[in-house]
Amino acid sequence: MTPLASPMKKAITSMQGYLEELGHLTKLDPQEAWLPITESRNGNAYYAAFHTLSSGIGVQALVLPLAFTSLGWIWGVACLTLVFVWQLYTLWLLTQLHESVPGTRYSRYLWLSMAAFGDKLGKIMALIPTMYLSGGTCVTLIIIGGGTLNLFFQTIWESTSDVTPLTTTEWYLVFTCSAIVLSQLPNLNSIAGVSLIGAITAVTYCTMIWILSLTKGKITDVSYHQLEAKSNIARLCDILNALGIIAFAFRGHNLMLEIQGTMPSSPKHPSHLPMWRGVTLSYLIIALCLFPLAIAGYRAYGNLIPANGGLLSAFYKYHSEDTSKVILGMTSLFVVINCLTSFQIYAMPVFDNLEFRYTSNMNKPCPWWLRIGFRAFFGCLAFFIAFALPFLPSLAGLIGGIALPITLAYPCFMWIVLKKPKKLSAMWLLNWALGFMGMILSVLLVFGAIWNIVTKGIEVHFFKPQ
């Protein structure tokens with residue numbers, strides 16, 4: 001309304017454009033710089049690959065051959081390939097949606113869900129599953145990491161009579177204390193080196209296990225016939241449980257936006273470009289690990305693969321006598337190291353959420369002593385749950401079914417809401433179809449897993465780690 005209005009408007013617009021080019025518009029909220037996920041934004045494609053590999057390959061891959069016992073060779077490979085391509089597509093959707101609104105970066109899965117579905121519905125759909133995935137995965141890592149530490153000790157020092165072995169609970173505690181100490185690294189970018197170590201150890205032990213299983217040959221009385229079910233419903237539920245195991249093997253979608261949030265971004269150099277390069281590189285390596293692991297593991301052990309522990313348990317059960325202790329010990333040690341490193345990246349959203357509550361209420365950064373307290377508290381809570389529910393890894397099919405919408409369904413619906421593709425276009429039809437298929441499949445997987453638990457049962461032992 002004044003003669004100065006037009007020049008001032010041009011100056012402000014010019015300054016906004018300059019700041020946007022520097023990638024500063026998304027950093028104007030000081031709270032972003034106080035939280036561990038977005039505290040540092042100097043990530044790159046290599047960091048993204050390290051984090052994705054460390055979180056994407058893990059002990060959940062060792063149970064993949066169990067899915068083949070219900071699906072068989074052809075359907076097992078087909079379903080594994082289908083789910084791999086499907087989740088890779090939804091990963092691409094998430095990297096594109098990270099900056100779907102100009103000037104806004106959705107650096108948490110929860111924030112993207114709230115932007116797409118509204119505050120209330122977005123929280124209901126994403127908060128519990130993402131926190132459950134992060135916290136539940138950390139608990140599972142304590143159980144597997146502590147149990148494998150016990151296995152490592154027995155393998156290396158079983159002939160030493162003067163060494164008193166620790167109980168399984170004490171190994172859980174050793175693992176948890178190590179994880180808490182390692183979790184004191186301040187932010188997501190600072191654990192890039194830790195993730196690199198985790199990625200190397202994961203690729204190494206997966207490769208060692210499938211190569212050794214292949215070279216040792218088939219075990220005696222191995223069978224590839226699909227196990228007969230008592231009824232058609234039981235057969236269907238076995239198949240659904242197998243699909244849940246496959247879905248559980250592809251975890252980590254709840255971390256993709258957080259990883260991308262650690263990267264600098266500007267209109268000329270958007271963050272989705274280095275992020276996608278890191279994702280494609282890491283998932284190429286993941287495919288080279290998971291497919292041979294599933295195929296070679298099923299070929300070596302068939303239907304005799306143990307339900308608890310998967311390939312690692314099978315290798316110890318059938319080849320502990322004809323394999324060097326050094327090889328067995330190295331395999332166990334690499335599994336433990338990978339569990340420790342995976343714990344850090346899966347716990348980071350929980351740490352971020354705890355500090356977000358504090359900074360929102362106090363309007364200041366979280367002091368160092370409180371940050372240590374938050375992380376120690378979460379580690380102790382995860383240890384208690386692991387001690388109370390040591391049978392949690394046996395629920396892989398159920399966990400896979402519950403977490404499946406986060407991986408395969410929600411990103412498709414988010415794309416439709418935020419990108420608004422033309423009605424009846426190819427992207428519109430594809431994402432509606434995949435989204436509904438993902439939700440229906442999730443319900444069926446949960447039903448199948450519960451049916452198997454009820455009819456076949458699992459070994460439940462509260463407060464008695466074994």
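Positions of Cβ are set from backbone N, Cα and C atoms, glycine also.
What TrEMBL says about this one:
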DOMAIN    42-453  domain 'Amino acid transporter transmembrane'
TRANSMEM  45-67  transmembrane segment
TRANSMEM  73-94  transmembrane segment
TRANSMEM  132-153  transmembrane segment
TRANSMEM  191-212  transmembrane segment
TRANSMEM  233-253  transmembrane segment
TRANSMEM  273-293  transmembrane segment
TRANSMEM  326-347  transmembrane segment
TRANSMEM  368-389  transmembrane segment
TRANSMEM  395-417  transmembrane segment
TRANSMEM  429-454  transmembrane segment
TODO: Quickly jot the same-chain residues contacting the transmembrane segment (132-153) by Cβ under 8 Å, restricted to those at least six beyond its ends, or write none.
DONE: 58-59, 165-166, 168, 171-176, 179, 251, 254, 312, 316, 329, 332-333, 335-336, 339-340, 342-343, 346-350, 378, 382-383, 385-386, 389-390, 392-393, 399, 402-403, 406, 465
Task: Positions whose Cβ lies under 8 angstroms from the transmembrane segment (326-347), at least six residues beyond its ends - done: 51, 54-55, 57-59, 133-134, 137-138, 141-142, 144-145, 148-149, 151-152, 155-156, 175, 178-179, 182-183, 185, 188, 191, 194-195, 197-198, 201-202, 204-205, 208-209, 212, 255, 312, 315-316, 320, 375, 378-379, 382
Task: Interface-richest range of 45-67, 191-212, 368-389, 395-417 toward the transmembrane segment (273-293), CB pairs under 8 Å - done: 45-67
Task: Other parts of the chain folded back onto the transmembrane segment (368-389), taken as Cβ under 8 Å at six or more residues beyond its ends - done: 135, 138-140, 142-143, 146, 169, 172-173, 176-177, 179-180, 183-184, 186, 347, 350-351, 354-355, 358, 462-463, 465
Task: Residue numbers, six or more beyond the limits of the transmembrane segment (73-94), whose CB comes under 8 Å of its CB atoms - done: 64, 67, 112, 224, 242-243, 246-247, 250, 253, 256-257, 260, 276, 279, 283, 287, 290-291, 294-295, 298, 407-408, 411-412, 414-415, 431, 434
